[in-house]
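A short write-up of the structure that comes next.
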């Protein structure tokens, strides 16, 4: 049971925080995990610690991204991966961005946001979407930031061979409310439609003059 698993004196993240997450204070609040009588307080502190780790990871990511003075900086996405095989999970930075977007959309404290998670309240999305990894062989071409159509190269040369380019795309689900309108919108008074929207990611491409280079291209990223 939870009460039996609650004592966490043996669980110590001291000395491990900098190894797993450089610069993060993962040991914060773990001193309060005292024993069975402190089970509720201990688990709450642990949850707060995980939230703190996520927030600090986001801060670290923002620190290494281009300056916000660059108008294209906010168009960059972490949905591209170079790999020898199909990735099994969504990219970590993508998950962090999704979490950050959810936090930004809710103007409330983190603890209130956690307890108001839509998944806990049984809420449904206005538009259904699906996400999956696709290869350059499936994309073939894309539109770059200048509006030109470029060829997306399937493989990227590396010192020990070649790696494939994978793109994590999100689009409206064919089983969703794309044609019938958005969920929750009164059709008697409003017309609505779910549409797939795009963002820019950086990929290795070739233009119509056979010039190969890294360019920002548009891929499906939301519904």
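Placed from the backbone N, Cα and C atoms, the Cβ positions cover glycine too.
Feature annotations, courtesy of Swiss-Prot:
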| type | residues | note |
| --- | --- | --- |
| SIGNAL | 1-5 | signal peptide |
| CARBOHYD | 107 | N-linked glycosylation site |
| DISULFID | 127-194 | disulfide bond |
| DISULFID | 172-223 | disulfide bond |
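In the three-state DSSP scheme, residue 127 (disulfide bond) falls into the coil class. Residue 127 (disulfide bond) and residue 172 (disulfide bond) have their C-alpha atoms 7 Å apart, to the nearest angstrom. In the three-state DSSP classification, residue 172 (disulfide bond) falls within a strand. Recorded residues residue 172 (disulfide bond) and residue 194 (disulfide bond) have their alpha carbons 7 Å apart, per Cα-Cα distance. Residue 223 (disulfide bond) sits 6 Å from residue 194 (disulfide bond), taking the Cα positions as reference. Note on residue 223 (disulfide bond): other Cβ atoms within 10 Å of its Cβ, all shown chains, come to 21.
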